[in-house]
Amino acid sequence: MMRIALFLLTNLAVMVVFGLVLSLTGIQSSSVQGLMIMALLFGFGGSFVSLLMSKWMALRSVGGEVIEQPRNERERWLVNTVATQACQAGIAMPQVAIYHAPDINAFATGARRDASLVAVSTGLLQNMSPDEAEAVIAHEISHIANGDMVTMTLIQGVVNTFVIFISRILAQLAAGFMGGNRDEGEESNGNPLIYFAVATVLELVFGILASIITMWFSRHREFHADAGSAKLVGREKMIAALQRLKTSYEPQEATSMMAFCINGKSKSLSELFMTHPPLDKRIEALRTGEYLK
């Protein structure tokens, strides 16, 4: 299943827009309780907007096409495989889509376990054996069965809430200190332009730091999805699929999609900001059975 970074762009846009609304409406003058309520509404708002739009955004991002009726043997195999594994995992049949990309990749998304989407790249269908492709699909089905999208939404909502709240409290203090005189006994928030500028910068900075939390969860859920695939189709098939990914093209999907894909980009400033664990760690975890217990 795909999931973090697609949220990040939408969350960022929603938070900036809501932040502007807060500034224009003077919400920074309200009580701490009022600000917390607004932060909760707006913080979770971005996450739930992302969740509800996730299938549409994902398909649009990669140019995916939902298979309404299989047109050839390859599409028929794909639909049948997804249907079989969905039944094994106890979820409703997801929509199935294909998108054109040379790299070996797949993702799953959707607002609910029973209203989900599984999409695979043409590169996966062309370059993986049936057993390897089956394991990748099982990995995505496991993401859906585990409810990773909803869990990610809740985590992102909490993170957004604290980012908004703390940023605006500090911005209010900074604006009051830098922006102006106030008469004794009269509440003042200083220069509103300073307030908005400081709040926006702090939201961006804290948002980047908070992404460490969401990225950790993204990596953690990959191990569990690998284990779920091993339970559905066998450990050796999943190991073989991951080994195949090591020799594949660097993923071409947009950065905002990486958390949803089975194959994440390997180049990163730090593992803290990676959506996926290194492939060698995932293979080792399967071999030791660490997440299969």
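Cβ coordinates are placed from backbone N, Cα and C, and glycine is handled just like the others.
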Out of Glu65, Glu222, Glu236, Glu271, Swiss-Prot lists as part of the Zn(2+) site with His139, His143 the residue Glu222
Glu222 (Zn(2+) binding site) sits from Glu140 (active site) (Cα to Cα, rounded, in Å) at a distance of 10
Would you find the one among the recorded positions Glu140, Glu222 whose Cβ has the most company, meaning other Cβ atoms within 10 Å? Glu140
